[in-house]
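S.K.: Provided herewith is a single structure, encoded as structure tokens, for subsequent inquiry.
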Amino acid sequence: MITSESQIYQLLLGLHLGLSVVVTPLILWFGSPYGKLADSFKVHWSRGNVTINGTLGWVIMETVSLVAYTLCFTPWLGGPVHLNATTLLLAAMWVVHYINRSWVYPLRNPHRSPMHVGVMLSAVFFNVINGYVNGRWVSHFGEYPADAILSWHGLAGLALFVGGLVGNVHSDNILMGIQRSKRQKTQLATKGHDTASQSRYVIPRNGLFEWVSSPHYLCELLEWTGYAIATRSTAAWLFVLFAMANLGPRAIQCHRWYKTHFANYPPARKAIIPYLL
Ligand SMILES: NC(=O)c1ccc[n+]([C@@H]2O[C@H](COP(=O)([O-])OP(=O)(O)OC[C@H]3O[C@@H](n4cnc5c(N)ncnc54)[C@H](OP(=O)(O)O)[C@@H]3O)[C@@H](O)[C@H]2O)c1
């Protein structure tokens with residue numbers, strides 16, 4: 001019988017691990033359910049076919065992660081909340097990432113393809129668990145002296161996190177730039193000033209896209225690896241595992257998608273790890 005929050009916490013870590021174990025075979029078997037891979041997804045969502053605006057769905061599902069984590073820093077869940085320079089800096093890493101991911105990124109990129117509510121709801125489910133186990137560890141269950149961030153793992157993790165964040169935002173910016181210029185050309189073409197292609201996708205160029213097809217995913221993985229090194233927590237490493245299980249297969253499928261759709265796709269470009277994969 002479950003009698004304490006720490007038992008619930010352990011159960012949620014187990015569930016988190018279980019989700020990582022099932023997500024890779026699910027994506028490899030059924031495909032990925034949104035964006036440019038949505039058409040090849042093998043599950044027929046059409047029963048009900050409930051889609052919502054892609055930007056709205058994104059804001060809702062990612063905001064959950066921010067809220068779940070930050071709630072752990074309030075007295076709301078009970079027990080002591082450890083506030084010092086290290087726990088606040090670790091929390092700041094999470095909060096900065098998710099303010100960008102939940103609000104800045106979608107509002108700067110308001111042209112996402114529509115999203116099935118099933119995708120949004122499954123992300124909400126995961127983000128509640130992930131936000132809670134990570135936030136509650138740093139704020140309550142973990143023990144971090146105030147100067148822990150100055151240890152080798154604190155500083156190395158922080159540096160990797162910042163590097164990953166910069167690369168992730170830069171790569172997202174390149175894709176946003178493509179979407180914006182596509183949209184402008186399409187509007188001009190609609191007005192009869194141009195004969196621009198109506199195709200939504202092109203080959204991304206410049207930056208880390210010269211090495212891999214999904215540098216935003218690679219850098220996202222580096223970010224969370226940095227966070228895990230800095231926190232040295234099971235919850236953070238489970239998040240790295242989940243991100244690898246989720247983004248790795250999607251990156252490989254995106255790479256295949258590019259090669260199938262663009263005959264002139266750069267042959268030396270890899271899927272997610274430069275020169276290797
Ligand atoms: N931590 C995690 O587990 C996790 C999971 C998912 C995403 N993320 C992060 O969230 C961010 C977005 O991820 P995502 O999966 O949505 O990326 P994505 O599928 O590459 O799409 C990003 C945006 O770029 C557009 N786009 C993609 N490829 C394009 C191309 N070749 N030409 C023109 N436009 C293109 C998409 O339009 P469409 O919407 O029309 O496809 C969408 O607006 C990334 O930084 C990623 O790392 C993290």
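Every residue gets a Cβ built from N, Cα and C, even glycine.
The domain '3-oxo-5-alpha-steroid 4-dehydrogenase C-terminal' annotation in TrEMBL covers 115-277. Here TrEMBL flags 12-30, 50-71, 77-96, 117-135, 155-175 as transmembrane segment.
Structural setting of the listed features?
M.R.: Summarised as a single figure, the pLDDT of the domain '3-oxo-5-alpha-steroid 4-dehydrogenase C-terminal' (115-277) averages 91.
With a cut-off of 8 Å between Cβ atoms, the residues of this chain six or more beyond the transmembrane segment (50-71) that come close are 34, 77, 91, 94-95, 98-99, 101-103, 105-107, 109-120, 123-124, 127-128, 130-132, 134-135.
Taking Cβ pairs closer than 8 Å, the transmembrane segment (77-96) reaches residues 5, 66, 69-71, 134-136, 138-140, 142-149, 154, 158, 161, 165, 226-227, 230-231 in its own chain, all 6 or more past its ends.
Same-chain neighbours of the transmembrane segment (117-135): 9, 12-13, 15-16, 19, 33-34, 45, 50-52, 57, 60-62, 64-73, 91, 94, 231, 233, 235-236, 238-239, 242, counting only residues six or more beyond its ends whose CB sits under 8 Å from a CB of the stretch.
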S.K.: Please report, as numbers and ranges, the same-chain residues at least 6 past the borders of the transmembrane segment (155-175) whose CB is under 8 Å from any CB of it.
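M.R.: Same-chain contacts beyond the flanks: 89, 93, 96-97, 100, 105, 109, 149, 204-209, 215-216, 218-231.
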